[in-house]
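J.: Handing you a structure now.
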Amino acid sequence: MVQPLEKVDRRDAKLALAHLFVAFIALGLGGFAGLLQTLVRSGKFELPGGISYYTILTTHGVLLGLVLTTFFIIGFQFAAVSRTAGAFTDSTRRVGWIGFWLMTIGTAMSAFFILTGQAAVLYTFYAPLQAHAGFYIGLALVVVGSWVSGFAMFAHYARWRKAHRGQASPLLTFMSVTNMALWLICTLGVAATVVFQLIPWSLGLSERVNVLLSRTLFWYFGHPLVYFWLLPAYMVWYAVIPKVIGGKMFSDSLARLAFILFLLFSIPVGFHHQLLEPGISPFWKYVQVVLTFMVIIPSLMTAFSMFATFESYGRSQGAKGLFGWLRKLPWGDARFFAPFVGMLFFIPAGTGGIINASHQLNQVVHNTIWVTGHFHLTVATTVVLTFFGASYWLIPHLTGRVLTKAMNRLAIIQTIVWAVGMTFMSGSMHFAGLLGAPRRSAFSTYGNSPQALEWIPYQIAQAVGGTILFIGIILMLVIVINLAFFAPKGETEFPVAEAAAPQERVVLVFENWKLWIGIVVALILIAYTVPLIDIIQNAPPGSKGYKLW
Amino acid sequence: MHIHKYEKIWLTFGIGCLVVFLTVVGVSAFAAGQQPPSCLTTIDPEKVDTTPPFDQPGLVKKGENEYELNIVVAAFSFTPNAIEIPKGAKVTINVTSKDVIHGFQIPGTNINMMVEPGYVNSLTATFDEPGEYTILCNEYCGAGHHMMTARIKVVE
């Protein structure tokens, strides 16, 4: 007998799809901005009509770093929670729509002020560069909207647990809730600086701003932000990929442990972005560097679990020898291939991260284009290729269509194009960075400085890579539009893997939120209390706003 | 919760590596003094021009082979912007900003620090190789950010 496919409720599917559409529109526009940046930086091309490089750069960072990621993640998680913990109630779904509209209105507002040249402050908006108040208010709406959506997921999870006392929650729901808890705790920092410092200051209600406090609150948010991007990719790896290849999940409990470790250690680490700045004592910088290294452990666990899953599956199919199992993997299936390439790129990406977080090595690469190369591997390859790979089943599942053979082939080509383009772009960014080329800068030879002339070949390679990547974006948009509107009608599975040892009871302590949130708060207080008091008590006179673009 | 034997080996190896890395970073920071620039001195960013030593920016001889180089940073320039340093000199570089956040980097060396309004930042370096060096701003500061540059000449 054929079991009917377990499906996301049709009304929840609409909510998830709305998020995905905004995400892919952001991909198209933000990707085009990225293409223009690499062309400008090659030195062979100038922007027409006096458009500023930094307006384009701000657009790129905000649309891809904040909008694409946040919308995709929340849409994906709505679908994952609905699929594994059952359809939302009408009122919870309505809360989800309120979150969506708040985020969308906020995005449109910030985009307006960026594109009209009133907010060329980049997506990190460091004070005392002062954007139009509307830019900050728009960003605040995006964050508040994401909280509202997070509360919808929390409420649904609480209802599930009430109805299933003594049971472990479905893995994907547990992971989504963990990620939203992480997000809620870390965005408190950026919300604090935006709402209490930057909005009153940009409206003229307060004259001066404490620059270092604002930066520190930003980076309290800025690093967990990257884990907020990464965890949904890990959800796909842990809970979806094993099913896609026809195997089992290595261990349900270890997956939960990894997520709890991310929740604990990804927040009190922001100082590793501030290693080279004045006003923070080197002792506290080192404390946070130690905590930064703790957060590598769950990634090591994840790497083991994934390859254990792949090898177990290969051997169950009769693979022989040390690496025979590699040949049994479904290389022709884009739902596997795209995330797998993403995993491979995480090896150099993670290594680069360890380099960046180490005091003395950071001194060599800080604010060079090496860092840009680094996060184009982590978020723009590992995370993004996993999101693309998830889209190949998620979008047709939600729209009631199927991925055709032709589209699957195009998706494989897309993945290869992306890998090649990124190898050129990110690779040359890493090399140019080691030679000292700064990030976030338009083309310049710094008065024909011999050092700057050395970077030019690498900058041309970045433009080649950027162009290839833009072709990759066009291919992706073709696939998304096909899956959303033109692919043949049919049933597509939302794959959810089973544990290899289902008889093993899932450890319930992972759902003891009072315990975990308590530890998170304690770690944050340990890492931040003394330095924050220092920053506030020993603050220099504050800064007025500057509009220097 | 069951943890596979191979996973235990892998995690022991992985965590062992992290401990080694942290020890290397920690020992070079606290024992060998290779700390990142973390100066705690504050300054009124609007009174930089009247606050010593930034009221007279430039190179000052402090000892036999020791110098202090005080540099004022503002959109979009370094003051002074042409500096001569004797070869082999041990130079403590002090910088501060009159307006927004800037960066202070000399490509080809390990000289790299953030410059923030209200704070002095500082590091010490020895210039052993004669030649021309470029100072540039590596933190976005506005429309002229990529034009912000200065030269250091290390002379025999």
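Cβ atoms here come from the backbone N, Cα and C positions, even for glycine.
Features from TrEMBL:
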type     : residues  : note
DOMAIN   : A:14-485  : domain 'Cytochrome oxidase subunit I profile'
TRANSMEM : A:15-39   : transmembrane segment
TRANSMEM : A:51-74   : transmembrane segment
TRANSMEM : A:95-115  : transmembrane segment
TRANSMEM : A:135-158 : transmembrane segment
TRANSMEM : A:170-199 : transmembrane segment
TRANSMEM : A:219-241 : transmembrane segment
TRANSMEM : A:283-310 : transmembrane segment
TRANSMEM : A:336-355 : transmembrane segment
TRANSMEM : A:375-395 : transmembrane segment
TRANSMEM : A:416-436 : transmembrane segment
TRANSMEM : A:456-485 : transmembrane segment
TRANSMEM : A:515-536 : transmembrane segment
J.: In the predicted model, what is the mean pLDDT computed over the domain 'Cytochrome oxidase subunit I profile' (A:14-485)?
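T.: In the predicted model, the domain 'Cytochrome oxidase subunit I profile' (A:14-485) has a mean pLDDT of 96.
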J.: To the transmembrane segment (A:375-395), which of A:51-74, A:135-158, A:283-310, A:336-355, A:416-436 is linked by the most Cβ pairs under 8 Å?
T.: A:336-355
J.: Do we see three or more Cβ pairs under 8 Å linking the transmembrane segment (A:15-39) and the transmembrane segment (A:135-158), pairs being at least 6 apart in sequence?
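T.: Counting Cβ pairs under 8 Å (6 or more apart in sequence), the transmembrane segment (A:15-39) does not reach the transmembrane segment (A:135-158), since there are fewer than 3.
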J.: Report, as numbers and ranges, which residues of the same chain sit near the transmembrane segment (A:515-536): CB under 8 Å and 6 or more residues beyond its ends.
T.: 181, 185, 210, 212-213, 216, 220, 260, 263-265, 267-269, 271, 279-281, 284, 287-288, 291, 509
J.: How about long-range neighbours of the transmembrane segment (A:51-74): same chain, 6 or more residues beyond its ends, C-beta under 8 Å?
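T.: Same-chain contacts beyond the flanks: 19-20, 22-24, 26-27, 29-31, 33-34, 36-37, 40, 99-100, 103, 107, 110-111, 114-115, 117, 119-124, 139, 142, 146, 149, 179, 228-229, 232, 379-380, 383, 387, 440, 442, 549.
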J.: Could you tell me what the rest of the chain brings near the transmembrane segment (A:219-241), counting residues at least six beyond its ends with Cβ under 8 Å?
T.: 69, 72-73, 76-77, 80, 124, 171-172, 175-176, 178-179, 182-183, 185-190, 249, 255, 258-259, 262, 266-267, 269-274, 292, 295, 302, 305-306, 309, 336, 339-340, 342-343, 375, 378-379, 382-383, 386-387, 389-390, 495-497, 528
